[in-house]
Every structure is written in C-alpha cells, then in structure tokens.
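Just below is one structure, and these are the notes that go with it.
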Amino acid sequence: MEQVVIVDAIRTPMGRSKGGAFRNVRAEDLSAHLMRSLLARNPSLTAATLDDIYWGCVQQTLEQGFNIARNAALLAEIPHSVPAVTVNRLCGSSMQALHDAARMIMTGDAQVCLVGGVEHMGHVPMSHGVDFHPGLSRNVAKAAGMMGLTAEMLSRLHGISREMQDQFAARSHARAWAATQSGAFKTEIIPTGGHDADGVLKQFNYDEVIRPETTVEALSTLRPAFDPVSGTVTAGTSSALSDGAAAMLVMSESRARELGLKPRARIRSMAVVGCDPSIMGYGPVPASKLALKKAGLSASDIDVFEMNEAFAAQILPCIKDLGLMEQIDEKINLNGGAIALGHPLGCSGARISTTLINLMERKDAQFGLATMCIGLGQGIATVFERV
C-alpha cells in the first residue's frame, strides 16, 4: 500500500462573515486562488498530472452550488482533463476530502491530488435552505439539530462551568493573536485579495476575526446565546462566523521523490465515527481513540493536537475524556482555534490540518492529531507523522 504524504498546506486569512474582508469575494475565487497558489509554490508539478481534486463545502447552493470544486478548478485554469468533486460531511467536509484522496492514493488509483475546502458563511449562511424532515423527531431530539443546545447538553453532562468556558475562549484569542504577532501563521497564510472597511481593494495576510482585547471579565458579561434561562454557552465561547478556504497538496511518497518534493508529513491513520446527535460535539473522543488505535499509538504519544473549537463547552469535555486536561497548554490548539479564527464549515478540516503540520514542524514533533466534531453526531480524526 502506498504511503500518503502532505507536500504543502496553505490557507487564506479568515475573514469576518459580517461585512468582512471577503464580503465582495466569492467562495469559488477563494478556492481557485489557493489551487493556483499550491501549483505556483510547487513548480515541479504540472497541473495536468493531477489525478483529482477533492474539495469540502457544506452549503452547496448559490455560489457554492453545482460542484464548487469543479467551478473553482475551471477558474484556476487547471486543465479540463483534471476532474474535481465536492465533498460534504458537514463540519468534517475538507478532512473527509483528505481521507477520500488518501484512500485513492493508498490503493494506487491516484498519485497526486489537490485537497481542500471552503465556506463563505457571509454569502451562504449556515441555515440557508435547511429543512429537516419532521419525522426525524421520532428518533432524534429536535434540539439535536441546534448545535448550541448540543453544546449546552455536553457542558451539563461533563460539569463544564461558565467560567471554564470563558477562560478557554479568552485563551483561544490570546493564542491566535500571539501567533499572528510572532509570524507563526505566515507559513500557512497566502495573501488574499479583499476589501478593507472603506471598500479599498487590498491584500490581506492576517486573520481579521481575532479579538486580541478579549478577556475573561468581558466574556463573563455576555448573555447565554442558546438557552436564555439556564444556559452557559455564549457567542463569545462559540466559534466565530468567518469566511475562508484551505488547501493541501497530497501525493504518494514515491511520486513526491520522483518530483523532488519534500514531504512535510505523512498520514499515519484516519477515522470517522458516529455518536448520539444530542451530544454531537463529543464525536472527537471516539474518532480520536479509533485513529490512535489504527496508528498503534496512545494519546500520550501525540505531541500536538488540533481540535476544532466549535464551542468551549464542546471541546472541554473532549479534552477531559481524552485525558488531556493537564496538558492543554503544552499540546492543544497552541495557536488558538475556531473560537478566535472562526469555523468556515467546509474549510475547517483542511485548516486545522494545515495549522497542525506547521506546528509540528516548529516544535520538531513526531506525531500530531487533528480532530473535529460534526453536526448531527459524527466525529473525524487524522493522525499525522513527520517524515
């Protein structure tokens, strides 16, 4: 079986969904920009030799509809002979895209794939056109389709206090801002055209969603966003709404050698699981455990974790049940996470994997694990190993 390696991994800055940098930029353009950028950064690879493009996107309608992967590839002037497919596993879409491409390469059905994902939550809101089947309520609690309420449920089941959530959210912003100031994100962010507050076209090379002024004290004044009577989850402890894309160049280790490209990491294992939709945010726990089992590793072997921060109330129970509460500041989301950077749904799997690989290089780490919860009760995880 072929070894699958990541040769390159990049992303756009994360733009605010409400009147942000990408308010006049379409999702296809964000995607095409990264496709072009990956090819430009790796000139020994010709676009015509790509076997396939796998692109995650959740709300596949309006500008994100009709197979956005193919639309973006055409905009990027990738040869017509290269196919492209859009993948949807809700929040895990672009990580699923990575898994799909990896399996094709492992089996020898492909050698080189472009992988990534996008979500423009300013142009195509998360709830746009969603119409749940009324019969679902026979089998699943109605609140299971309301992500904030599932986070409230997790916090109650696991004893996660409002103060713990506020502290974690403040940490996310502080870490993301520190990474921005130190230049840690420069290795992954590709400058991307957008418009400033005055409507002037400019190149953005930083995430505009981070709020460096965030404090625990300020967060403690916010009202519950989903359960106004007895809730603890606020807008400040939820992932920000943002627009963005991320992309990875994935290939067999043998093809990378042929092209003279240095692999940055290899995929050690992959896993996806289902869980109770009412606690959908718990998915990373069984997914991570399964991925670790497949890799022949334990949580203690992992040097760095990237866990998508859908909600502080959601990620803290996962950290707790993976036995990592004492190692948060040494191993988990060292450059902040989605509470600070946002969670553009179809982008996030590739985004956290990109950030993880950069962190692994900076820390000279051997193993890293990226994982995320998925709406309606799923979890997905990938174990990476430095080459």
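Just so it is clear, glycine is given a Cβ too, placed from its N, Cα and C backbone atoms.
Quick look at what Swiss-Prot lists:
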- CYS91: active site, acyl-thioester intermediate (ACT_SITE)
- HIS343: active site, proton acceptor (ACT_SITE)
- CYS373: active site, proton acceptor (ACT_SITE)
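Reduced to three states, the DSSP call for HIS343 (active site, proton acceptor) is coil. Using a 10 Å radius centred on the Cβ of HIS343 (active site, proton acceptor) and all shown protein chains, the other Cβ atoms total 28.
The two recorded residues, HIS343 (active site, proton acceptor) and CYS91 (active site, acyl-thioester intermediate), show a Cα separation of 8 Å. In this view, CYS91 (active site, acyl-thioester intermediate) is surrounded by 31 other Cβ atoms within 10 Å of its Cβ, with every protein chain counted.
The two recorded residues, CYS91 (active site, acyl-thioester intermediate) and CYS373 (active site, proton acceptor), have Cα atoms 7 Å apart. Contacts of CYS373 (active site, proton acceptor) defined by a Cβ separation under 8 A and a same-chain sequence distance of 6+ are given as CYS91, MET280, GLY281, TYR282, GLY283, PRO284, ASN308, ALA310, GLN314, CYS318, GLY379, in order along the sequence.
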